[in-house]
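Down below is the structure, laid out as structure tokens.
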Amino acid sequence: MSGRGKSGKARTKAKTRSSRAGLQFPVGRVHRFLRKGNYAKRVGGGAPVYMAAVLEYLTAEILELAGNAARDNKKSRIIPRHLQLAVRNDEELNKLLGGVTIAQGGVLPNIQAVLLPKKTAKSS
């Protein structure tokens, strides 16, 4: 009778909320952070699932673009520079992360148009 409680029925295998929602990010941990963070007195059951899904989507989006930047630079490992290039070259991500500084990210290459040499028309 091992694995059975008082009711006599076998206990089903525990299923995480992340796997129920089809997510990789930990729903339970997000729920704990929402409760401990003093954001509200009470946290609904769907809130951590939704937030974990949003975090997972944003992470996947940034990593996709950073992987493309790494491949363009002929590198197999994503470094902070690739994250910076990915975020700053994407209009929506740049707006979302406008006030964020990425350590060791560098700057985007940019030369103002007025500093470029003048185009002279050669007449021959």
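Every residue gets a Cβ built from N, Cα and C, even glycine.
Features as listed in Swiss-Prot:
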- 1-18: compositional bias 'Basic residues' (COMPBIAS)
- K119: ubiquitin cross-link (CROSSLNK)
- S2: N-acetylserine (MOD_RES)
- S2: phosphoserine (MOD_RES)
- Q104: N5-methylglutamine (MOD_RES)
- 1-21: region 'Disordered' (REGION)
- Pairwise Cα distance for the residue listed as 'N5-methylglutamine'/K119 (ubiquitin cross-link) [Å, integer]: 36
- Same-chain residues at least 6 apart in sequence with Cβ under 8 Å of the Cβ of the residue listed as 'ubiquitin cross-link', in sequence order, are none
- Query: How many other Cβ atoms are found within 10 Å of the Cβ atom of Q104 (N5-methylglutamine), counting all protein chains shown?
  - Reply: 9
